[in-house]
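Undergrad: I have a structure here, written as structure tokens, and I will follow up with some questions on it.
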Amino acid sequence: MSHGHAEVLTSHEVHHDEHGAHHHQQSFISKYVFSQDHKIIAKQFLITGMIWAIIGGLMSVLFRLQLGYPDQTFPWLEDILGNWAKGGKITPENYYALVTMHGTILVFFVLTGGLSGTFANFLIPLQVGARDMASPMMNMLSYWFFFGGSIVMLSSLFIQTGPFSGGWTAYPPLSALGDASPGSKTGMDLWITAMAMFVVSSLLGGLNYVSTVLNLRTKGMSMTRLPLTIWALFFTAVLGILSFPVLLSGFILLLFDRHGGTSFYLSDIFIAGKSALPNEGGSAILYQHLFWFLGHPEVYIILLPAMGMASEILSVNSRKPIFGYMAMVGSLFAITILAFLVWAHHMFVTGLNPFLGSVFVLLTLLIAVPSAIKVFNWLTTIWKANIKFTPGMVFALGFVSLFISGGLTGIFLGNSTLDIHLHDTYFVIAHFHIVMGVSAFFGMFAGIYHWFPKMYGRYMNNTLAYIHFWVTLVGAYLIFWPMHYEGLAGMPRRYLDYSNWSSFNQFGDLNKFISTVAIIVFATQLLFVFNFFYSIFKGRKVTTLNPWGATTLEWTTPINPGHGNWDGEIPEVHRWAYDYSKDGHDFIPQTEPIGANESKH
Amino acid sequence: MTTTGLFLLAILALGFLITFQIAKASEYVSVLKGEKKSFEQNNRINGFLMVVFLVLGLVGVYFCNEALYPKTLMVHPSASDHGENIDTMLKITLLITGIVFFITQILLFWFAYKYQYNDKRRAFYYPHNNKLEVLWTTVPAITLCLLVGFGLYYWFKITGEAPENSMRIEITGRQFNWIYRYPGKDNTFGKKYFRMIDDENGNMLGMLWKDSTMKTPNGVQSLKADPTGYDDIIETTAMYLVKDKPVKLIINSRDVIHDVGLPHFRMKMDAVPGTPTTMWFTPKYTTEEMKKITNNPNFEYEISCDQMCGNSHYSMKGLIKVVTEQEYKFWLAQQKPSYKPAEAAPAASPAPVADTAKTAAAGTPNTVLAAK
């Protein structure tokens, strides 16, 4: 804790310099634990998210061991995992538990909580020019619900019947019937409880983000002067507010089916070795509608913040305005609207009415239009630029590359005709890991490297950052690119062993290769984590207010801003956030009044 | 922890330590050299790596394709008529997305390399251009309309009504195997009800083979026996299909959601408890012909369960035999209806093991037929 103490002291010094209403001594608990400062809450989300990412990533390493080496035993696994890996082999039950937990953790706890929790909290007040969120108290509760949900989810790993193991989508009847799978016993109750707390956290956060962006902008900060990060985080919050309640309702019905004897999702079920269940008349497909009504917007909840941050970072380090600002905002808006209208493309082969399916094909492929606009605008942004390859910038470029690769395969899967063949194969795994897994992670890394100096007043180590970037980029493609071919062979996802299948056992060597690369990439992420924590305490100190030469408001605050962000008045905004290389200036901050002879954009 | 484990950990820790020390040293060096100089050096290296990544990446894409394409299904013709449509659609999509992929990725990494920082140059202030933006809104929109058009044309063809003359087979999933049912001589499936399922007495599907009265949550129900089910054939070893004859599958599940995955036919449909689904297609090659086409003497059409259904999901395998009309008739003639009149039922038939996974492995659910 000695380092932590040092941090307390330095921040307190800054704190004393601060003017304004927030000048009072705070205890360690109220400053760092139950803090209402949006910056501290952002760091809490970030670090919790990082711990989750390590756990979730480690899970993938464990099940990749099984997939890559299905005929080998690893005695040391038993030392670590005990009964989960009796005799050095992961049992099917625990394999599925690992896969399910990996999905749940990464999608919700890392890429939703960890990503928009961190950057919405950190950036919204700083970039719109507010002292804090509209309701700091709700904001604090949002984190603690997230933390509570995390604890409940984590605890499910340690119960006798194991954590939930029916896939992160938790389709009933499998998820409703403890008799159908041991993971659907207590593990599922804990899973639902944790997810319910997560939804509460997400709503508390989202309402705050929206009201802050709408109401607490500083003087002169019109909506069209907002940096794209804020627009993206704003739309993310809107998506979450409108769709998470639907998910929660789906979970509640599931809970009723599990314990209340209702038949929302259950009908005509006979559990082998037991008996026929009393339920009749329910529809298992109803759950899928409710789930994917969140589940699809969820993809954009993950992706939009990454898009916003990449836009901002590309522009800053290209020393060029983002190309087509209004088109960027418009495409974010279009994605937000369309995100609600495409959910059933996850359900083309559930027996959905083919006509209904065709409507969803049209709407799904439509969403590629705003995505294409964004890609072309990013490309034009770096055209004739003067690019500084900061760690944030390289990750933003990597994000664009991955978004293109993963986005294009979405055009395959969104087309119901092709989805018949590719549904639930490794093609899907490859698609969504590239487009929303790795690329969202790249957006997140870009954001962390870019705003780390603002968060901690220090830099992260550049060399480690570049190693991290290149290994991860190359590794991500080596892992997921070949999976498309497995998908084209019809290889189903969620199998722990393909050796008994004459249709799918030709990929043994490839699976070994993928597993090996996955382990290397995972180890490289640990390097990043180390760099992060080491740099908090020992990184090179930031000596200038605006190390990247950016126009936005967060760089007008002190190097280590206290609660309240600005000493004295909040600055007034006079222009948009993208005046780079204009009229012979390298950049013109948003706070600078428009000059008399300035050219218009 | 075993010694190997410790050893691995030690190597990992050592690797970390070395990397970290190098990184730390390079930071000191950059402070000595001056921030500007080390920035320029870093920038050149990363700019260069961008173009290296692009070139190696494109080469990698080529070799990956060389190595893996032969292992996919695409090298052989699709085994069903619908599958041919799907393959055509795949090729159209691959062509269009492929062009976009190469253009955008090359531009991205090439621009990154070409426009890397240069002290003497200034970036070009270029905030927007309406013409360009309209161009790359409309071109993707038109292209996507094309894809939607093709896609829906095939989609309605595939999901449309099955031809009048198609054979009908019912396939029912359960944890963790498949049950196939043929309508028998009368070409009518007998009625069934899930509460009548009785694995021990050979009624895996809950056929209404006898009158019965039972208490259900909806009150007492009386069920009449359905004689059309007496000649139904219930099978678990393999599903027999006829070459060039359309087949309509009626898909059911007994417990959780399963999925009938037919990779060689490029077909797939969920099996949902309580909500029967259907799909139809026409097999084009017999299993024997496919052995020659794929050059694999052990070729079989496998049914994979494609929807997570429990801990033995990965072993839920079914089998399809595509045969000629004659072979099919011969096979059918050997099959006996699964119905057993009540009096003939052996009272003390050996109870199948409760664990269905084991049952599936041993292939025992045929006890019914064997007993007759």
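From the backbone N, Cα and C atoms, a Cβ is placed for every residue, glycine too.
Please treat TrEMBL annotations as automatic predictions, because they have not gone through curation.
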Undergrad: Between the candidate ranges B:21-52, B:149-180, B:245-276, B:341-372, where does TrEMBL place the region 'Disordered' annotation?
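TA: Residues B:341-372 are the ones TrEMBL records as region 'Disordered'.
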Undergrad: By a Cβ-Cβ criterion of under 8 Å, what residues six or more beyond either terminus of the transmembrane segment (B:6-26) are in contact with it?
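TA: Tertiary neighbours of the transmembrane segment (B:6-26) are none.
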Undergrad: Within the domain 'Cytochrome oxidase subunit II copper A binding' (B:164-334) only, compute the mean pLDDT.
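TA: Looking only at the domain 'Cytochrome oxidase subunit II copper A binding' (B:164-334), pLDDT averages out to 93.
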Undergrad: What counts of helix, strand and coil residues does DSSP assign across the domain 'Cytochrome oxidase subunit II transmembrane region profile' (B:67-162)?
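TA: Tallied per class, the domain 'Cytochrome oxidase subunit II transmembrane region profile' (B:67-162) gives 72 helix, 2 strand, 22 coil.
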